[in-house]
Amino acid sequence: MFKRVLLKVSGEALAAGRGFGIDAIFIHKVAEEIAQVARTGAQVAIVVGGGNFFRGVAEQAIDMDRVAADHMGMLSTVINAIALQDAIEKQGIATRVMSAIAMHEVAEPYIRRRAIRHLEKGRVVIFGAGTGNPYFSTDTAAALRAMEIKADVLLKATSVDGIYTADPKKVPDAVKFQTITYMEILKLGLKVMDTTAVSLCKDNSMPMIIFSMREEGNIMRVVKGETIGSMVTA
Ligand code: UDP
């Protein structure tokens, strides 16, 4: 059983079948699972993505300034953070949203020591606004926060149940890695996370488990230490 985890939830995951925005039924299911984990005494911090609303890189392609687009992307992660907060609190678990971009009326500012204090008190901490900087991703924010709060592991919830030699949706005989190193991910050019996030984890020996959030009960399984998904080590 892990004591302190950093769970990365992508925006896409929250959109579930809808492709855009937030799927109300799915977010409540996810919140139920997170609350269940928090009740066991495990400390849960979450980094949410924003791809279900806005992605900087994609907008740049239609001639938008990258920095402006990234600012919009980061704000979209705050929308998800508040939705997740609302859903988890409905389960009777105390939460705090901490934003990397100051917006005092909506969320606490990110202060590392305060985040750790919240976790020690059993509150689920949701980190919004990524790293607060353009040209980064929320995967990089997840790697960074995991290191800052000294999480035991980075848990990346996706729609695929691990890392494969090729995209299993396109290549039917793709093989799943039970374990893999960050170096192998880079060498094989596997699209697991962007290279900034991979290097951060690699250089600081932060282990990561990639697993599917589509299957109910998986968040609890992975926190308990069951071998699901793919494990990445330095
Ligand atoms: N973003 C950013 N800096 C960060 C994190 C995110 O500028 O530190 C912006 C970026 O435009 C990104 C968007 O926020 O495309 C949404 O985040 P991401 O694409 O990582 O979300 P996910 O794919 O996890 O839903």
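Glycine residues also receive a Cβ, built from the backbone N, Cα and C atoms like all the rest.
All annotation found in TrEMBL is predicted automatically rather than curated by experts.
Keep in mind the model is a prediction, meaning the values are calculated, not measured.
Within Gly50, Gly92, the residue that TrEMBL lists together with Asp70, Thr131, Gly132, Asn133, Pro134, Tyr135, Phe136, Ser137, Thr138 for binding UMP is Gly50.
Across the residues of the domain 'Aspartate/glutamate/uridylate kinase' (3-212), the predicted structure has a mean pLDDT of 95.
Close to Thr131 (UMP binding site) in the fold, though at least 6 residues off in sequence, lie Ala100, Thr140, Ala141, Leu144, each with a CB less than 8 Å from its CB. Close to Asp167 (ATP binding site) in the fold, though at least 6 residues off in sequence, lie Ala174, Lys191, each with a CB less than 8 Å from its CB.
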